[in-house]
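What Swiss-Prot annotates here:
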- Glu108: active site (ACT_SITE)
- Asp11, Asp107: Mg(2+) binding site (BINDING)
- 7-188: domain 'UmuC' (DOMAIN)
- Tyr16: site 'Substrate discrimination' (SITE)
Amino acid sequence: MGKGRVIFHVDMNSFYASVEMAYDPSLKGKAIAVAGSVKDRRGIVVTSSYEARAKGVRSPIPVWQALRKCPELILIPPNFDRYRSASQKIFSLLEEYTPLVEKVSIDEGYMDVTTTIKKVHPLELAKEIQQRILAEMDLPCSIGIAPNKFLAKMASDMKKPLGITVLRKRDIAEKLWSLPIEEMYGIGRRSVDTYKKYQLHTIGDLAKADPAWLEKKFGINGPRLHCRANGIDERPVDPEAVFHFKSVGNSTTLPEDTTNEGRLTDVLHQLSHSVHVRMKRKHVFCYGVQLTIRYDDRKTITRSRKLEHPIQEKDDIFTVALSLWKQAWNGRPIRLLGVTGYDVIDKKYAYEPLDLFRYEEQIKQATLAETISSIHKRYGKPIVAKGKDLDLFKEVDETKKGTSFDRDFFQHD
């Protein structure tokens, strides 16, 4: 690999399904899918085995549609305790080779093995890690090897299952630039049409575009993606990164202490909206909601609720926050309110028992929210909003953003 960094991206193959097959070997070689709401057939496929994918069963499609494509499909409800346990074992193994391991999600992570490879060739090291995970846990993975995180991520996607791919900077014109723009890590599915509208059909098109023009069209993300497309990514492998987003929270100090229920409900609604937007931007869902109330005498209380299914939508967050507030409020004037989504999980591993009767409605809501969020992100202020949110933007403009590292966010006075 020459001088410089050597980064691995370790990506487990069809992780949930693979864990289920390791737990029950009789499932191996069969078409299986992990899905929510298996019994009533109205759930969504979270992941599927490669045998099921060969029949067209891919996430996220409704269970009924998956069964139509593959009648012999074996449906398994998610067991997140089992998946978390397997994930912990995988990352413990990776940390045997280097302390520089960054957990991206439950089934993928980066390793900086620059020091480790002084003793062993990168390919041999990757083979050893891959074979150990398979032998000790019966779980397949693919590994990308590159001089930075972006190229390592792209490399790990090039050969699945059980692939090992090296991607050097000198190879990107040949191996990367011809790929369609939708295969580039960092470009969301809903953004693809926008890029194509500007004749950016391949990663190479993006790499050759003018950075200033990209910033004008796509905001600060344009030049960043331009660098990635040219193989430039200076981000370090950060073992602490996983702790940065244990929670996503917002709070606001009210203009004056109040007991006005309508006003307080409006504030909770806007805080829930803010948390939703930030969770969406970070591509996470939460398994719990916490409410913070600070009274006029500065006494602060917190109440929280763990959820059976992860949530991200504003209305879902608001419903839980409102319920917590009604249970906790003692009637005294309130000075501050805060809403936090905690125990977060990457959105691709979150599943909802989606009601198919509301499927089209939810898709429309998601598309509208995406459009509004992109405008806010670009211009830095709420120039567009849904009707019932408009006045709230004016009133709750001192919102404070908090994460698990903002230790004084919920400090009790």
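For all residues, glycine too, the Cβ spot is worked out from N, Cα and C.
All features noted in Swiss-Prot, drawn onto the structure.
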{"residue": "Asp11", "record": "Mg(2+) binding site", "CB count, 10 Å": "23"}
{"residue": "Tyr16", "record": "site 'Substrate discrimination'", "CB count, 10 Å": "28"}
{"residue": "Asp107", "record": "Mg(2+) binding site", "CB count, 10 Å": "25"}
{"residue": "Glu108", "record": "active site", "CB count, 10 Å": "21"}
Taken over the domain 'UmuC' (7-188), the model's mean pLDDT: 93
Cα separation, Asp11 (Mg(2+) binding site) to Glu108 (active site) (Å, whole number): 4
Separation of alpha carbons, Asp107 (Mg(2+) binding site) and Tyr16 (site 'Substrate discrimination') (Å): 9
